[in-house]
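**Student:** From Swiss-Prot, for reference:
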BINDING   Gly30, Glu31, Asn32, Ala33, Gln34, Gly35, Lys36, Thr37  ATP binding site
Amino acid sequence: MKILSLRLKNFRNYKEAEVSLSPDMNYIFGENAQGKTNLLEALYVLSLGRSFRTTHLTEAIFFGSSHFFLEMTFEKDGFCHTLSTYVDKQGKKILCDHSPIKTLSQLIGMVPIVLFSSKDRSLISGAPADRRLFLNLLLSQCDPQYKHTLSYYHRALLQRNTLLKTKQTSTLSVWDEQLATLGAYLTVSRYFCCEQLNQLVQELWSNSLSEQLRIKFKSSLIKQGNLSQEAIIEELRKQLTTALHRDLELGTTSVGPHREDFTLMINDLSVAQFSSEGQKHSLLAILRLAECLYIKNIYNACPLFCMDDIHAGLDNHRISQLLDLAPTLGQTLMTSTNIPHQSLSETSKIFSVNQAQISIHSHLIVN
């Protein structure tokens, strides 16, 4: 899977722009606030139907305009496709090859993407919801059953919470059963996803890219290492029954997969408590690389890998090691305020961005 071109109209600081991408490394440099990150955001919006910078896509509309339009052409399984997103105050329209995409479930996974940015700090110091989102986006891009199960789970959870708020308990058991059945699949999927990521992290760590990192998955539903869905279904049933009185008082469901979390550990110590800022940034880069390899193992093809403001937290040695891995990661976009000092392949492209003007840069150090 390769992105061939990207077109932007009335998006952020871009009135109109179009860029053709290298199938390998795309290095984008320029001063701050010129539009580098906006290019990555555009690809993210096209791929996932959401932004990593705002919950309201209308905030990305060019000042004074009524809408924005994004379009990418991409090659997948030997065929070329066009994917577009139109956003105005009335809503969002997504088309693939001119056919409407009506739900995000249809969109997610069509163009797998992984983003490494400063916002990844939330995976260390943010709320549990930030870490669940990481797992949900990864698994939804790789497993159609997971994304559908997650959607049904959230619907059932909403129904149960509505009944709790209005103290209507007569049909709670119906929703409890749905939550237990759907929730067990989510929990088991998340557990094994973390275990596979841990294996990939160790492979990357063996290349001496960073310290030893481990994801410690935390769920109250897994008892004594029993990972059978039947056991987890029964455990969630039990917890929902036990917590009913408290849930009625709170008007919300206090147990289940929507309360799960994970902790990043370095050499069996909490990254949040015992790592320097530089270590944290390097370890998060490792985690995102592992995410790329996870998706690659599922699809036998690399996702689009985007790295924003790469010099903000990594030194030149770490960046060189990332670039050495780039050929195994497929198509990559990397933004920075600096011209690259590391060697790139002949098929790489270097772009400079200045006041939303994108230019091909002639500076290229070839391996």
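Residue 1 is the first one shown; counting continues down the chain.
The backbone N, Cα and C atoms fix where each Cβ goes, and this holds for glycine too.
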**Student:** Could you say which of the binding-site residues Asn32, Gln34 has its Cβ with the most other Cβ atoms inside 10 Å?
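**Tutor:** Within the set of binding-site residues, the most crowded position is Gln34.
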**Student:** Using Cβ-Cβ distances, find the residues under 8 Å from Gly35 (ATP binding site) that belong to the same chain and are at least 6 apart in sequence, listing them in sequence order.
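**Tutor:** Those within reach of Gly35 (ATP binding site), by Cβ under 8 Å and sequence separation of 6 or more, are Arg12, Asn13, Tyr14, Val353, Gln355, Ala356, Ile358.
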**Student:** Where does Lys36 (ATP binding site) sit by DSSP, helix, strand or coil?
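**Tutor:** Once the DSSP labels are grouped into three classes, Lys36 (ATP binding site) ends up as helix.
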**Student:** Within 8 Å of the Cβ centre of Gly30, Glu31, Asn32, Ala33, Gln34, Gly35, Lys36, Thr37, which other residues of the chain have their Cβ, at the recorded ATP site?
**Tutor:** Thr335, Thr337, Val353
**Student:** Based on Cβ atoms within 10 Å, give me the single least packed residue among the binding-site residues Gly30, Ala33, Lys36, Thr37.
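**Tutor:** It is Ala33 that, of the binding-site residues Gly30, Ala33, Lys36, Thr37, has the fewest other Cβ atoms within 10 Å.
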**Student:** Would you mind checking how many other C-beta atoms are within 10 angstroms of the C-beta on Glu31 (ATP binding site)?
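**Tutor:** For Glu31 (ATP binding site), the count of other Cβ atoms within 10 Å is 11.
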**Student:** Could you find out if DSSP has Glu31 (ATP binding site) as helix, strand or coil?
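**Tutor:** Its secondary structure by DSSP: coil.
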